[in-house]
Every structure is written in structure tokens, then in C-alpha cells.
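Record features, source TrEMBL:
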type	residues	note
TRANSMEM	39-60	transmembrane segment
TRANSMEM	72-93	transmembrane segment
TRANSMEM	166-186	transmembrane segment
TRANSMEM	198-217	transmembrane segment
TRANSMEM	278-302	transmembrane segment
TRANSMEM	339-368	transmembrane segment
TRANSMEM	389-409	transmembrane segment
TRANSMEM	415-439	transmembrane segment
TRANSMEM	459-483	transmembrane segment
TRANSMEM	489-507	transmembrane segment
Amino acid sequence: MGSERSFGEVSGNTPMDSAEKRLNELGYKQELRREMTMFKTLAISFSTMTLFTGITPLYGSSLQYAGPATLVWGWIVVSFFTWFVGIAMAEICSSFPTTGSLYFWAAHLAGPKWGPFSSWCCAWLETIGLIAGIGTQAYAGSQTLQSIILLSTGTNKGGGYFAPKWLFLCMYIGLTVIWAALNTFALEVIALIDIVSIWWQVIGGLVIVIMLPLVALSTKSASFVFTHLELAPESTGISSTPYAAILSFLVSQYSLYGYDAAAHLTEETKGADKNGPIAILGSIGIISVFGWAYILALTFSIQDFGYLYDPNNETAGAFVPAQILYDAFHGRYHNSAGAIILLFVIWGSFFFGGLSITTSAARVVYALSRDKGVPFSHLWRQLHPKHKVPSNAVWLCAAICILLGLPILKVNVVFTAITSICTIGWVGGYAVPIFARLVMSEENFKPGPFYLGKARRPVCLVAFLWICYTCSVFLLPTLYPIAWDTFNYAPVALGVGLGLIMLWWLLDARKWFKGPVRNIDIQNGKV
């Protein structure tokens with residue numbers, strides 16, 4: 001503290017990283033260790049999106065709404081519009097390579113008048129989405145582990161052990177605690193695990209996509225996969241084809257986000273003004289291709305469409321992808337070993353995804369605490385003295401995630417609610433800086449290496465409208481008739497949570513919260 005250096009050099013006359021120089025210009029000193037390469041950042045971003053974690057848990061319900069055609073083509077439609085969001089965010093990331101990312105972007109792009117409010121809204125949406133995102137990974141990971149245990153002990157028909165709710169909750173809590181513990185170690189540990197993750201998912205994804213249709217005794221026809229529509233009003237209560245198609249898109253909309261993880265690590269990434277955008281767009285490209293291939297492999301390999309949802313089948317009708325895997329391998333080899341191995345590959349994807357989302361959530365809480373936007377900010381902004389990671393923020397996120405999972409003991413629609421809260425918060429946070437970029441005056445924007453130029457308005461407009469649509473559909477009822485055990489609680493939970501946050505703003509926070517707080521004196525270079 002109190003030492004001086006110019007923006008063009010560091011001690012020893014070593015050239016300053018371009019992203020660190022831009023960070024200084026924005027009013028922040030370099031506190032986190034800048035050791036991440038572009039590949040490591042891409043690995044974490046891809047791991048946050050993950051190949052299996054979005055598709056697998058929602059595949060069965062999305063397939064049931066309207067059949068395979070809307071599910072398969074829905075991925076193409078959602079991928080197309082996701083590119084607009086990713087490109088808009090890549091441009092902003094290139095200009096603002098800070099760990100606060102979205103809420104920092106919102107503050108600067110919205111200008112001095114609206115900046116604090118925009119930053120406040122964005123920060124809390126993002127925080128809610130990320131913490132709920134940890135819960136979605138823990139829940140789906142526990143669901144996969146539940147199926148692995150069931151098939152390993154004899155299947156539902158053979159007296160296998162189906163984990164009860166209390167054990168399911170224990171698995172949920174256990175995963176959350178493990179992720180928090182790993183995130184308290186040095187960043188190199190997380191980066192190494194995430195490099196393993198990207199290869200795990202790429203190799204594992206290729207194995208499943210190639211092997212599953214080959215192992216299955218029969219495969220569905222192309223006409224069934226690409227053109228067949230089949231509603232299930234007796235199960236879903238939905239007889240409207242357009243409404244069923246909208247709900248079948250949810251699996252794609254839930255899967256194709258999380259690419260902002262690269263932005264959360266920009267203060268720890270070398271050349272982040274260039275590598276951050278590459279990681280964002282690269283992760284979208286990889287998941288778009290592999291995700292569609294995974295959906296096709298599952299759908300072509302279906303043996304008996306109606307049997308997938310039978311509560312008396314081998315997987316208790318609880319996890320459709322597990323039943324597809326079981327039917328394929330048991331039909332060919334008369335045992336469950338192959339299905340168990342591939343389910344373990346899928347479970348590993350949930351494990352890596354939850355670890356990465358925990359990393360991102362902690363960075364956002366740390367950045368918001370650094371700007372005094374969280375109660376008891378002085379606690380959550382503290383870094384581990386040895387590893388230089390925001391360990392207190394990590395455990396805060398884990399504790400809230402565990403609280404979100406406690407209703408598992410009594411409520412059957414916990415995953416639906418957590419998924420909706422996660423998606424609306426996470427993707428809704430994208431909308432604030434993108435809208436600010438859309439309406440701001442161009443002369444007030446200092447572009448980075450990745451710059452859209454005149455294309456920014458149409459790109460940002462399409463991206464913003466798509467986000468609004470996505471958030472809206474996750475508030476819709478997913479089962480009819482609406483009752484206590486089928487009601488989508490997300491609108492109530494979000495309404496209460498965001499209402500309290502807005503009330504806090506009106507009564508108190510607007511008086512002192514000014515958005516990102518600089519910790520460097522730009523005039524004379526003092527830090």
C-alpha cells in the first residue's frame with residue numbers, strides 16, 4: 001500500500017499485462033494472482049456450462065411434454081439465440097476485465113445516474129442465480145448417484161436400494177461441502193481439476209454419443225427423432241401443442257448459460273481482455289455441438305418410449321437417461337455394468353460443474369463485498385492468507401445452498417424451483433449490462449480488442465429480448481392441474497427475495513451504495 005508504479009510497467013521493468021493495465025484504468029489494483037491461461041479459463045467456463053448437467057436432469061420432462069421433435073430442434077433454436085447473448089457479453093468483457101464482471105459492467109455502462117441501481121440489480125440477480133446454480137448441480141448429482149446405487153444393488157425390479165429423501169439430502173449436502181472445501185485451496189487446484197473436467201466431458205461425451213446408439217439393440221428412426229410430436233396430457237395435464245413445445249425448450253434454455261464464468265476470473269487470467277471473450281465464445285461453441293449430439297444419442301437409443309416413465313421400471317421411473325442407458329446395455333449384455341459406468345461419467349460432470357459454479361459464486365460475492373454491497377461485507381471480502389482465495393465467501397455460498405436444499409425432505413418440486421430461480425437469476429443478470437450497452441452513447445464506450453462496432457445494437461437487442469423470453473417461460477406452471485405438489489414456487493420465491501432486495505434499496509442502500517468502489521488512485525498511480 002502506498003507504493004507507486006506507472007501503468008506501463010511493474011517492478012523489474014517487466015511489461016504489465018494488458019488486462020492488468022485496463023484494470024488499473026478502471027480504478028482497481030491487482031489483488032488476485034494472475035496465473036490463469038486462456039485454456040484454463042476456457043476449461044472453467046466450459047465446466048460451469050458442462051455437457052451433461054443441464055441436459056440430463058431435464059431431458060425426461062422435456063421429452064414427455066411434446067415428444068422428441070421439439071426437444072431436438074429446440075436445442076438448435078436456443079443455441080442460435082445464445083450466440084447473440086455470448087457475443088454481446090464477449091464485447092463487454094473485453095472492455096471490462098474485472099472479477100465483478102456483470103455488475104461492474106452494469107455500473108459503468110449505465111452511467112453515473114443509473115449506474116448504482118443497475119449495478120445493485122445485476123449483482124443480486126447474479127448472486128441469486130449462481131448460488132441456486134450450486135444447488136442444481138448438487139441435486140442432479142445426487143439424483144444420478146441415487147440411480148447408480150439403485151442399479152448397483154439390483155435395480156428397482158430386483159430389490160435394489162432406492163435412496164430415501166433423508167439420504168438424498170445427505171448426498172446433496174455432502175457434495176456442497178466437498179466443493180466448498182476444494183475451493184478453499186489454491187486456485188491451481190481448481191484449475192487442475194477443471195482441466196481434468198474438460199477432458200472428462202469431451203472424452204466421456206464422445207464415448208456416450210458414439211457407444212450408446214451402437215450398443216442399443218435397436219434405434220429409433222430419423223423420422224421419429226426429428227419429426228415425431230407426442231403430447232402426454234394424462235401425465236403433464238397439458239394438451240396445448242404450442243405450450244408443450246415452449247416447455248420442452250426449457251432443457252436447452254437451462255443448459256446453455258454459465259459461459260460468464262470466464263468473466264469472473266478475468267482478474268486472475270493473463271491477457272483477459274483477449275482471452276476472456278475467447279473463453280466465452282469457445283465454451284458456447286463446444287457445448288452447442290456436443291450438447292446436440294448427446295440429445296440425439298439419447299433419443300435415437302430409446303427402446304420403449306412409454307416404458308421410460310413407468311414407476312415400476314428398473315430405475316423406478318425417476319431418471320429417464322438412466323433407464324435409456326440401462327435398456328441399451330442390459331438388452332445387449334444382460335447386465336447393468338455399462339449403464340453404471342456411463343452414469344458415473346455423467347455424475348463426474350455434475351461434480352465438476354458444481355465445483356466450477358462454486359468458484360464463480362464466491363468470486364461474485366467477494367467482488368460485491370469489496371464494494372460493500374453485502375451485509376457484513378468485511379467478512380466476505382477477506383482472502384485466505386496463504387492461498388489468496390475468497391474462502392469466507394465460498395463457505396457463505398455453500399451455507400445458503402444447503403438451506404435451499406432442506407425442503408427436499410418434504411417437497412417434491414424442489415428441483416423445478418431451484419432450476420427456475422437459478423436460470424432467471426443467472427440469465428437475468430446478463431440482461432442488465434446488455435441493455436445498458438444497447439442504449440448507451442457509443443462515445444462513452446472504450447472498446448477492448450473484441451469490438452462489435454455498428455453491429456452492437458442489433459446484437460444486443462436480440463440478446464436482450466431472448467433473455468426476457470427465457471426468464472418469462474421459467475415462471476410458467478410446468479404441470480397441471482396446479483396443486484401444492486405441482487406448483488412452480490419460483491415466482492413466489494423470487495418475488496419475495498427480489499422484493500426485499502428492492503425494499504432494502506429504497507429504504508437504505510440507495511443512500512450509500514454507489515456501485516463498484518475504486519481502490520486505486522488513478523490520478524497519480526498510487527495503490
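Every residue gets a Cβ built from N, Cα and C, even glycine.
Note that the structure is predicted; figures quoted are calculated from it, not measured.
Counted over residue pairs 6 or more apart, the CB atoms of the transmembrane segment (415-439) and the transmembrane segment (278-302) come under 8 Å in fewer than three pairs, which marks the two as apart. Under 8 Å from some Cβ of the transmembrane segment (389-409) lie the Cβ atoms of residues 130-132, 134-135, 138-139, 165-166, 168-169, 172-173, 176-177, 179-180, 183-187, 358, 361-363, 365-366, 369, 379-383, 418, all in the same chain and six or more residues away from its ends. Scored on C-beta pairs under 8 angstroms, the neighbour of the transmembrane segment (198-217) with the top count among 72-93, 166-186, 339-368, 489-507 is 339-368. Only residues 6 or more beyond the boundaries of the transmembrane segment (166-186), in the same chain, are considered here, and those with a CB under 8 A from a CB of the stretch are 134-135, 137-139, 141-143, 145-146, 193, 350-351, 354-355, 358-359, 362, 384, 386-389, 391, 394-395, 397-398, 401-402, 405-406, 408-409. Sequence-distant neighbours of the transmembrane segment (459-483) (same chain, 6+ residues past either end, Cβ-Cβ under 8 Å): 61, 81-82, 84-85, 87-88, 236-238, 246-247, 249-250, 253, 416, 419-420, 423-424, 427-428, 430-431, 434-435, 437-438, 452, 490-491, 494. Sequence-distant contacts of the transmembrane segment (72-93) (same chain, at least 6 residues past either end, Cβ-Cβ under 8 Å): 62, 101, 105, 109, 225-226, 245, 248-249, 251-253, 256-257, 259-260, 262-263, 266, 272, 276-277, 280-281, 284, 288, 291-292, 295-296, 299, 430, 433-434, 437, 447-448, 450-452, 456, 459-460, 462-463, 466-467.
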